[in-house]
């Protein structure tokens, strides 16, 4: 069963989410420092009539890395071609993408940390020298053919910057980490998005949805879509706090933004009574993939102090006990 607070992209939601994305920096809310610096770099590159240097965006899923890539394309008046690292299985796949680029194009690679070392080797000269080295044959008879590429900007996005090899990371001239959003920022995003959906969202309703969105715009917009359904069924043009609460409670998203999976995760850790639990054990207990736990469930819990990650495993913090209305002292020391 799909989680309403799932952060990964749903293919059916892509058209919906794209229609709500801002097209320029003026409409982009949050990440102020990143916006300010990008504006400067874009303006400078346009004055010099040059491509932007390569850019790496990192941070938890759903914070706007893809949106920023598209805004950069708009601000640079450049074409953008989008792909994801898992789709680039062979060096020939990457070569086909690179040779189809035009001067000044932007290539956006999502989940760039999942590129294989062999693919990275092809990417290095393309990023540094705008050159593609193709090896024909094998052994002593192997030959390298060098193909010049048009100047382009590579924008990479990753939820796991630590998994990037140092040579690849060092080839990005600009590196930015996106941070979780404040509730007030999410509320503004929601009110703007509601207008695009032909609804008016009251400020208190927007804040209520924001509070349950795990500080993540993608989740906030998905919840807004579901709350809108409740409003439509009741023939309401205005999304009220009461209707938002009703919808979110019905969806099983509590006041902290936790759903059933989050609660199962925290209950597992608190039941361990401060004994660390390894990732593999958690994945087995929850019947979830380890990557899903690390990329989807844990980032928000870690950032907000609900769990601690140690060398031996995960431990629930006192904040988790409070969230589950458990007595920390009793749970910690009872036999």
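We count from 1, first residue shown onward.
Backbone N, Cα and C define each Cβ position, glycine as well.
If you check Swiss-Prot, you get these features:
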REGION    1-181  region 'Large ATPase domain (RuvB-L)'
BINDING   20, 21, 62, 65, 66, 67, 128, 129, 130, 171, 181, 218  ATP binding site
BINDING   66  Mg(2+) binding site
REGION    182-252  region 'Small ATPAse domain (RuvB-S)'
REGION    255-335  region 'Head domain (RuvB-H)'
BINDING   309, 314  DNA binding site
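Around residue 128 (ATP binding site), the same-chain residues six or more apart in sequence whose CB sits under 8 Å from its CB are 171, listed in sequence order. Sequence-distant neighbours of residue 314 (DNA binding site) (same chain, 6+ residues apart, CB-CB distance under 8 A): 269, 276, 277, 278, 279, 282, 298, 307, 308.
The region 'Small ATPAse domain (RuvB-S)' (182-252): residue composition by secondary structure is 50 helix, 4 strand, 17 coil, according to DSSP. The predicted model assigns the region 'Head domain (RuvB-H)' (255-335) a mean pLDDT of 87. Residue 314 (DNA binding site) falls within a strand segment according to DSSP. Within the same chain, residues at least 6 positions away in sequence whose Cβ sits under 8 Å from that of residue 130 (ATP binding site) are 148, 149, 150, 151, 152. The candidate set comprises the binding-site residues 62, 66, 181, 309. Of these, 62 has the most other Cβ atoms within 10 Å.
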